[in-house]
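Chemist: TrEMBL lists these features:
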- D:Arg48, D:Arg54: NADP(+) binding site (BINDING)
- D:Arg130, D:Ser131, D:Ser132, D:Asn242, D:Ala243, D:Gly287, D:Lys302, D:Pro303, D:Thr304, D:Ser305, D:Ser306, D:Arg328: FMN binding site (BINDING)
Protein chains: 4
Amino acid sequence: MSHNSLGHLFRITTFGESHGPALGVVVDGCPPGLELTEAEIQGFLDKRRPGQSRFTTQRQEPDAVKILSGVFADSSGRQVTTGTPIALLIENTDQRSKDYGEIADKYRPGHADYAYDAKYGIRDYRGGGRSSARETAARVAAGAVARKVVAGVTIRGALVQMGPHKIDRARFDWAEVDRNPLFCPDAEAASRWADYLDGVRKSGSSIGAVIEVVAEGVPAGWGAPIYGKLDADLAAAFMSINAVKGVEIGAGFAAAALSGEDNADEMRAGADGKPLFLSNQAGGVLGGISTGQEIVARFAVKPTSSILTPRRTIDRSGQETEIVTKGRHDPCVGIRAVPVGEAMMAIVLADHFLRHRGQVG
Amino acid sequence: MSHNSLGHLFRITTFGESHGPALGVVVDGCPPGLELTEAEIQGFLDKRRPGQSRFTTQRQEPDAVKILSGVFADSSGRQVTTGTPIALLIENTDQRSKDYGEIADKYRPGHADYAYDAKYGIRDYRGGGRSSARETAARVAAGAVARKVVAGVTIRGALVQMGPHKIDRARFDWAEVDRNPLFCPDAEAASRWADYLDGVRKSGSSIGAVIEVVAEGVPAGWGAPIYGKLDADLAAAFMSINAVKGVEIGAGFAAAALSGEDNADEMRAGADGKPLFLSNQAGGVLGGISTGQEIVARFAVKPTSSILTPRRTIDRSGQETEIVTKGRHDPCVGIRAVPVGEAMMAIVLADHFLRHRGQVG
Amino acid sequence: MSHNSLGHLFRITTFGESHGPALGVVVDGCPPGLELTEAEIQGFLDKRRPGQSRFTTQRQEPDAVKILSGVFADSSGRQVTTGTPIALLIENTDQRSKDYGEIADKYRPGHADYAYDAKYGIRDYRGGGRSSARETAARVAAGAVARKVVAGVTIRGALVQMGPHKIDRARFDWAEVDRNPLFCPDAEAASRWADYLDGVRKSGSSIGAVIEVVAEGVPAGWGAPIYGKLDADLAAAFMSINAVKGVEIGAGFAAAALSGEDNADEMRAGADGKPLFLSNQAGGVLGGISTGQEIVARFAVKPTSSILTPRRTIDRSGQETEIVTKGRHDPCVGIRAVPVGEAMMAIVLADHFLRHRGQVG
Amino acid sequence: MSHNSLGHLFRITTFGESHGPALGVVVDGCPPGLELTEAEIQGFLDKRRPGQSRFTTQRQEPDAVKILSGVFADSSGRQVTTGTPIALLIENTDQRSKDYGEIADKYRPGHADYAYDAKYGIRDYRGGGRSSARETAARVAAGAVARKVVAGVTIRGALVQMGPHKIDRARFDWAEVDRNPLFCPDAEAASRWADYLDGVRKSGSSIGAVIEVVAEGVPAGWGAPIYGKLDADLAAAFMSINAVKGVEIGAGFAAAALSGEDNADEMRAGADGKPLFLSNQAGGVLGGISTGQEIVARFAVKPTSSILTPRRTIDRSGQETEIVTKGRHDPCVGIRAVPVGEAMMAIVLADHFLRHRGQVG
């Protein structure tokens, strides 16, 4: 019941603070024989890396990953997993921890500062310490390994809402996601959102977002009743990402307003002997088990609370004060949550694939 | 990593099918010395019990609970927990399993029938077997034990949306919840919804709902980074309830549209030495740790797929066919999900209370 | 981290006190499609059942098992597992709990009485409550299910030492085990031990024993480094049996006195393409992973502390006193530990088989 | 159910191969506010470090530990734990992996080579890879943290048997353990064993040993029935150490030969209100729960299979061959297992202390 681990047969354990020497993750349970190089993992880290556009924090971190264990050259010279734990290390380089006087003593509203102090009586306040979104770099690295385990599954994420602005579903195009720095699948929205976000950034404010993650190629049968449900594990995985306040599968909250007739995903005989579903309100999961349809999940990210507008707060001694959070922050943390969401989907699916194979063969 | 268990230090393991001999739950890790009687547990089961009003299934189940283990008379004669596992048994009595020919072979759209067959190659189709919402009776029984563990916390649930109809927040009144069979906290809405639901029921249709669960009295400090977050565990617990498609904490999905200024819960010095929060967008959880505010969560329940309108589907041999689900069903399963949601909140909080006490003392 | 559960993919959770209404076990993770009847489970329970000979307690318990969930008729009418949790219930009938005045207040030396009170502040003293060896009936029932999961493995146990008396290895014969009530594989020893044990019994004393459990047919590859070692899990499983004070694998403690030359199990090419080991000092496990040889484990059981000779002790208030434990007790609890040891071997192997299949495929 | 993790509330996850870049451990669940420096951890590592005397492998490894996370300066400037995961890294420096041609292809009898290949199809053969006893450096580092958690408990280990030679219990002196390189508590035996071991070493052979680990100061009440027993967890922890083939608690295997009278640890009223036990056959654990007496455990270590005498074996292609294991090896690996055994005792006790505090308060 480790607090910093996720998964069962495929299990990640992360460690590290924002401004400590390093972040990392131990990936345990990865099957043997999968080719794995630092370069591949690095590709995913680069997608999440800060400082990539004017819309993300200007902290300069190479986020260079090192594989410390769990791989070896196979008989054909390829570097492959060996079945032993894969430790991945990312050293922190751009730490700038010189001046944290203000947040050392004052609680930033909307941040975990007060909660950590209330729980532990001490916290590493530099850059948010353990509560910093830098921890998600470790998730992305682990997600790269997880993708190898479920190699037949395509996992993609996109920003489908920024602040109050939603995409036009008719223009949804996965190819567009990689063409704009917002990971937006709607080219028109991407353009408008860029302007909108510039305004937010310049005013020192911030804004929330909704991310959609889709997994294609998951066969029917993964997941398990009742507390090992695929969607329950996805919900926990997404909710564990910094700043996430809501998770939904398929129709999600909109399902509350549907009639039974509209919600039922009717089935026809598919050409391949599998059912052909006529809709996907279920988001690919029924009874906690995959149906063979696309797994569709969304999660809502709140605006970062690090803003230039002064907010009322208290300090560690309980005295009332105000705080302005300067420093390098994302005006919309939801953007960089896209690759993190993909990683969490990959990690949960890898775990469920192995669990299914274990129980059912 | 049991599929049918939830929790760590306070842990439940449920078993049983809708039409088997019995349902039950083993509650492990309950602290010793807590008074516990069948009558108390029964009170919560009666709230969830079918056949209570015309708005729920007419299946007649007494849902009488028996305590099989884990309690003993203390020196003053009270029956108390002993620290050993508490097994609770609920026998099935009104099973009517005579005629299941149709759903034995056909997959009901929106139900778990196909997913179970795809995974296991066999399923107990009587009343949905293990995928039936009858399993939630075991959760409610376990929840009654969990409430004893967090005796200082008040946990209440309410139906805040039925189909497209939301309550008026200005009329929210906890006292009203127990006065109407819909667990609706808005008296006017309750009245209108009753008429609306009569229409749904008579047409053989069904409708979804949103449930809100609030825990008052949770001190700051419960929960843990990063994968032991209180809100992540709540998300999994709610998502594991039958028919749930979305979960949110505090502002939830609405947080996506907020600015950092509006989302920040400002703090003032409270009279009791604790912070006084000026708002609760966070829903009482920051960084996965409770802040001392009310824990506020919501989850969306889809409409039951058991409807009288014929739906297109396939049978076990892959042939195309149609299905009409007769039998006794809830037109709005969200109603009976209210006590289930309360139980899940109690179970997760009991676990986190013990975990916090273990780690921090 | 449930205290009353064992295993991961194949997982048992037991409950029940010696003199409560019932004992039971929930078996979670059993693969679907395995034929399972109450009669088969009963066969194993009967082997462990008290009152079978003059050498075991005269408590009369039918130990009749009921399957409450997890099975269903397959298309050919056989009752098979469905992949959902299998709950097994054994009601207590011969409880005789009328007079427990003495042990309610006094701590029996060598029993768990004081430890339970020190931990929980309360204990069900009737027949030892949760610490009674009656709990092992639930293990044996679960073991019967586990054997189905590893159907190709033969698991057998035998009593190889009673008090100071060891068997003659040259006379070891599995067929003999079922011919005497002591589960002794050496016919001559069985005869002598019966006389010896009569003497122990008549004097109101008790004696310890060593049990050997062997699993034949386990392929190479089950188990996992470093904390998922097959032998580490076996050690925990055997040590969790009441009264067990030592566990060893293969040469065990004798390995301490061996030279590297004598301890090395040399290998030759086997006819089946597998290695042919020339000895089995390892007991079939190297590096925590099975080698394909027989898994050989032994565990030592202390004498029951329920004896007629008065022993000095204290009572709940800390006052010094003496105690004589009357009642129906086994003069050598090691005898009935034989089927329990077999069950634990089966449970651990079933779990590791599924885990191996999950991780490696 | 991570294969490379141990513990629940206090949980370690280790990684690393013998000749990879580094070894390490993530310690999760450590309570906040405990002073922790690299120097303190280093002290324990130095005790286990190779090359300390002629009786251990001459591999030269500084085993210098780095703390990567989980500590921070408190208000008085002391470096303390923060409650977040503590990652400890030990880089490998003296790897000499140039020539592994022979063991790359041949299976060393008594080693895990064949088992790893059978399981994973690939293995890092350099120095034994993951199966190397170098992994125990990570355990010793984690054990240093665990000792902080149970600061009131004194944990000490000693070599009580080398090959066939046992210590004289009458001469047992903890102070002597630190005075000889064999961790032997009997000065006379230490002197004789040194000569004996010189002979073993010079002949290129090896020999087994028995280690005793004692914990003093554990209060009554730690541990939990039935599968969370303190002694069951100790058994698994010790059995998980490389080369261990047997574990016992208190009287251990000798208990099999005891009568109930001799085995019963009689109790008198202690001066401090606690019971005064007149003996400790139980080794401080009854019913899986500590009694307040010393926890006494022993484990048997087999001789290393790396010897100069040729042994018959097969190679990866199944061909019969012979092998001589050259290189730098311990003639008695049991010596360096002493600090490892202490570490495992500390880790298990830390976990049970937190679990007990969680469940019972």
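Positions of Cβ are set from backbone N, Cα and C atoms, glycine also.
Surface or core, plus neighbours and distances: that's what I need for these features.
Modeler: Around the Cβ of D:Arg54 (NADP(+) binding site), the number of neighbouring Cβ atoms within 10 Å comes to 12.
Cβ neighbours within 10 Å of D:Thr304 (FMN binding site), excluding its own Cβ and spanning all shown chains: 27.
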Chemist: Let me know the most crowded of the binding-site residues, choosing from D:Ser132, D:Ser306 and counting other Cβ atoms within 10 Å.
Modeler: D:Ser306
Chemist: Quick test of understanding: given the binding-site residues D:Arg54, D:Lys302, D:Thr304, name the ones whose C-beta is under 8 angstroms from chain C.
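Modeler: From D:Arg54, D:Lys302, D:Thr304, flagged as close to C: D:Lys302, D:Thr304.
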Chemist: Going by Cβ pairs closer than 8 Å, show me which of the binding-site residues D:Ser132, D:Ala243, D:Lys302, D:Thr304, D:Ser306 neighbour chain A.
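Modeler: Nothing passes the 8 Å Cβ test.
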Chemist: Under a criterion of Cβ-Cβ distance under 8 Å and sequence separation of at least 6, what residues of the same chain contact D:Ala243 (FMN binding site)?
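Modeler: Looking at Cβ-Cβ distances below 8 Å from D:Ala243 (FMN binding site), excluding near sequence neighbours, one finds D:Ala133, D:Val301, D:Lys302, D:Thr304, D:Val333, D:Gly334, D:Ala337.
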Chemist: Counting other Cβ atoms within 10 Å of each residue's Cβ, which of the binding-site residues D:Arg48, D:Arg130, D:Lys302 comes out lowest?
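Modeler: It is D:Arg48 that, of the binding-site residues D:Arg48, D:Arg130, D:Lys302, has the fewest other Cβ atoms within 10 Å.
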Chemist: Sort D:Arg130 (FMN binding site) into helix, strand or coil using the DSSP assignment.
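Modeler: It is helical.
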Chemist: Work out how many Å separate D:Arg54 (NADP(+) binding site) and D:Ser306 (FMN binding site) at their Cα atoms, rounded off.
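Modeler: Just about 17 Å between their Cα atoms.
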Chemist: What is the separation, in Å, between the Cα atoms of D:Ser306 (FMN binding site) and D:Arg48 (NADP(+) binding site)?
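Modeler: It is 19 Å, counting Cα to Cα.
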